[in-house]
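Enquirer: Mind looking over this structure? Questions follow.
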């Protein structure tokens, strides 16, 4: 009998029992492939890679336990019920029974994903860890057009915009934004909530073109789950700062673009007044008012209308969400730093700048902002405006009491956490390079010139001392230099100089003792008794010092010989990675050198021209 013989009907073992192919799973669950894919997305089940693929390399494998979980999923029974109900509707339509078809359509069953959210994320911190892709997907569909052929309805787009605005309003109000970067793909943001860093991408406010090689059904399935997840997260976050969710906004503000900001403030003030009156009444008074008549019914109807929809793309709604939340008492030092970056600074946005992004970023760092349009909190002629964000080379009317800067100045100040000089960002001038805060320059091996400038400005803002370019820390530690710079007084400089002199004397004495010990060992080791050669050998000291580079090379080669083949391949891959990184650094340095030479040549050419 062969060693691995298994009689027919015996239970499987090993990978054959632990894994199952996709075709087997679809046949086992008795569902279609599209429905199986949707269930896997909603439940968070993904394919696995077994070490030994029993059925071959061209199959997709899943854990058998995951498929058993899907078998007992209540959502699967709901989908089967909905499929049977659709067959009833189709049968009624084919028999031309219009009344029955309409009645069946009004009673069509639906489902929710609330239990799946609680099942996949038992703790709130788990949901925050998985929020990056959720936010990127929601903001992407908020910028897409509603296309019926791709099954992207208008209400899904409006819901994504509403959820995105609610998330941005919380981040802006609680000053949780940490980093931002403008790239070709869009605008990257990073916020920190409960110690979790959340990074998402928002597309630019441009007309989006839908490519044909994308399966939008899969994306819409992910979006369906992400909408529910973000609604749960927003609910939890709003209640953590004692704010009612969903926020109450007037649905007519989208149509009435005039006085948008004033209307939103008016409705909010009215709601707060009614709440304060309700708290002052007793229970009997409340019951009386409830029975008195049409005023209460009218207010209830108004509140119900306000809760229906959030304006899709209106900045006034975001401003309303930002300004009307409860104050938080306990903030960490980083949050306090972000809260006071743009303190007592008034910004005005021109029409050509990215308004939605700046309305999100500026209040998140303590600034006051308005825009060019109806519903703005203050006009362009306001004399208290300190900075105007523009992106046009010429301006019709300039105010001497304010600074005119490009939008990049806002993002660079946010990443540097200081107010950078505005001279480099003046309108009509090429701004400095926009550096990514997500790149560690020290780890990459190349530090841009403007990054060094920002580092010195940060040190100056914190009253720190950094060495000048070309000067080491040992020069900075010299008491005479510190005295000249005015960092320490004369008494401290004298005391530091005496300590430094004592240390130098002790260091010299230690070196002399080492030299004497080396001479004695070399003399005793000389076997031929040639004193002249020994003295010459001691005086020069060249042959006595071993070649450290050769020793390190020999040690490396010996370690490579004794290393297993798997670790040798890993070491080789690491060396290749270091060489590639060094090549990219050299390429950046060469590019910078050519740019500097070009600027120098242009400057000389301008000087030659009379």
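Each residue's number is its place along the chain shown, starting with 1.
Glycine is no exception: its Cβ is also placed from the backbone N, Cα and C atoms.
Where the annotation comes from TrEMBL, it is an automatic prediction and has not been curated.
Straight out of TrEMBL:
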- 337-427: domain 'BRCT' (DOMAIN)
- 572-610: region 'Disordered' (REGION)
- 576-610: compositional bias 'Basic and acidic residues' (COMPBIAS)
Enquirer: By DSSP, what is the split of the compositional bias 'Basic and acidic residues' (576-610) into helix, strand and coil residues?
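Expert: Final tally across the stretch: 33 helix, 0 strand, 2 coil.
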Enquirer: Which numbers of helix, strand and coil residues does DSSP report for the domain 'BRCT' (337-427)?
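Expert: Per DSSP, the residues of the domain 'BRCT' (337-427) fall into 26 helix, 15 strand, 50 coil.
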Enquirer: Would you mind giving the whole-number mean pLDDT across the domain 'BRCT' (337-427)?
Expert: 88
